[in-house]
């Protein structure tokens, strides 16, 4: 009976982890479109100037969506809440559930977002090749920075997949095997990259009112949530020097033996 229970439990955590992994990638793909593409009907909406009531209603909805994401993203990451909700048995899928809920909230933000394109701070015409190429290049670089940063921060652990694998192998939580300095850095900055997200939020050809609200609120949220200090900087600097030293030694060894 115990073996059957263990098999069912293993199947459950694999299913939850797989759903979280797939949902996260689907949400990330949609987020790229949401943040980096101009809607095809934006010029039609610009011509139909909204009333004061419709503008306020759209602002209310957007503010509620943005705040719901920030609330969920912060509250579910609190250690006290994790201990209260998850027993020691289900602790292994805590990260996967966090990813699933975060992806769901982000999907809601993107689905119910209300554009307010009739009020804008700036509007650059991207019909020309040069202007379009400039904005596209900035966004491609920003997304590449985020992608590389996620890989460097152990994407399997970040998405909750590694926790399941380690549990099935009878190993401890992968985060507990990382250095104290790295765990400290993760507490201060769980996601990369502040600069890349700021580029995505602010370097956009049409800074409409809804886009401005998103850029301001999420930039402020990142400034508050990502509190990397001097000790974190020293740790990252040391790791960079160590990696450079290892790469240099590897290059010398390769030249010597070749």
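Glycine is no exception: its Cβ is also placed from the backbone N, Cα and C atoms.
Automatic prediction, not curation, is the source of TrEMBL annotations.
The transmembrane segment annotation in TrEMBL covers 12-35, 55-75, 96-114, 134-153, 192-209.
Looking at 12-35, 55-75, 134-153, the range that has the most CB pairs within less than 8 A of the transmembrane segment (96-114) turns out to be 12-35. Remote same-chain partners of the transmembrane segment (134-153), defined as residues 6 or more beyond its termini with a Cβ less than 8 Å from a stretch Cβ, comprise 32, 35-36, 124, 126, 186, 191-193, 195-197, 199-200, 203-205. Within the chain, the transmembrane segment (12-35) has long-range Cβ neighbours (under 8 A, six or more residues past its boundaries) at 92-93, 95-97, 99-100, 103-104, 106-107, 110, 113, 139, 143, 159-161, 163-164, 167-168, 200-201.
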